[in-house]
Amino acid sequence: MTPSTAHVPIRRITDETASDAEDLLAVEEPLEIVVVARARAEGGRAERAERRLGITMRTPGHDRELAIGLLFAEGVITRAADVVAVEEGAGASGGLVRVTLGDDVLIDLGRTERALAVANASCGVCGKASVDVSAFAPPAPLAAGAPRIAPRVVHGLAARLRAAQPVFGQTGALHAAALFDAGGALVDLREDVGRHNAVDKLVGAALLAGRLPDPGAVLMVSGRAGFELVQKALRASIPVMVAVGAPSSLAAELAAAHGMTLVGFARDARFNVYAGAERVAVPAEAAR
């Protein structure tokens, strides 16, 4: 497997000195995703064939989970049982993942190809003049008011996230996404140069492990919370999302529309709640 970091020669310069040195960078390489599935062909017939969906840029590692998470986020698959086999290998320009789907799965080829366009553009709604947030509902309504999460737990998530980022500690270059329980215990974490990839890897891993849906899950992301990340979290029926950075206005609108708790600026012993404040268990006197 291709390593996730690479040593490169550099010229290190200060105001007074210049010297040759070596630095460690996060690797970014292409990944080709191929799906073997039944799809509607010309004339309305459903035919099984292998289709190359496209190429996305990512940090090598957990490629299987990335492909599964992306297909799940885009609604191509709805459960782990839809996947019959996953093969990893070398493609023409980098890594390759071939996902074989069951006979009962009929894919919309145009939608599936757009999934890769989304991954490459990091924009699930580009080209649209407006967005109907009601169209991005989770598979089932989120449980109202659950889980309850204490402010002290939210305060501690950023430090736990950073402590569990091995490659970020070496390179300072990767985004992270992690699942915690409502008590703040780390369940799983993934890193990638792309924040969308990190979430797809994490959700793909959870889906394959049978951990979704999880009504007590808390998703933490290392950067800002954009629309697409909230959309991916809703698709996975995750009720609470916490970001180190700020959410966008559309992300906050989407979370509020579907009963998700969205927290931003979760650092330095404070945070802001942009939607779903009823899940944050503040003391009664502090709520006044």
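Just so you know, glycine gets a Cβ as well, placed from its N, Cα and C.
The feature active site, cysteine persulfide intermediate is assigned by TrEMBL to Cys123. Summarising the annotation, TrEMBL assigns Mo-bis(molybdopterin guanine dinucleotide) binding site to Phe265, Ala266, Arg267, Asp268, Ala269, Arg270.
In three-state terms derived from DSSP, Ala269 (Mo-bis(molybdopterin guanine dinucleotide) binding site) belongs to neither a helical nor a strand segment and is classed as coil. Summary: among the binding-site residues (Arg267, Arg270), the fewest other C-beta atoms within 10 A of the C-beta are counted at Arg270. Within 8 A of the CB centroid of the Mo-bis(molybdopterin guanine dinucleotide) site residues Phe265, Ala266, Arg267, Asp268, Ala269, Arg270, the other residues of that chain are His155, Ala158, Phe271.
Counting every protein chain shown, 22 other Cβ atoms lie within 10 Å of the Cβ of Ala266 (Mo-bis(molybdopterin guanine dinucleotide) binding site). Using a 10 Å Cβ-Cβ cutoff, Phe265 (Mo-bis(molybdopterin guanine dinucleotide) binding site) registers 17 neighbours.
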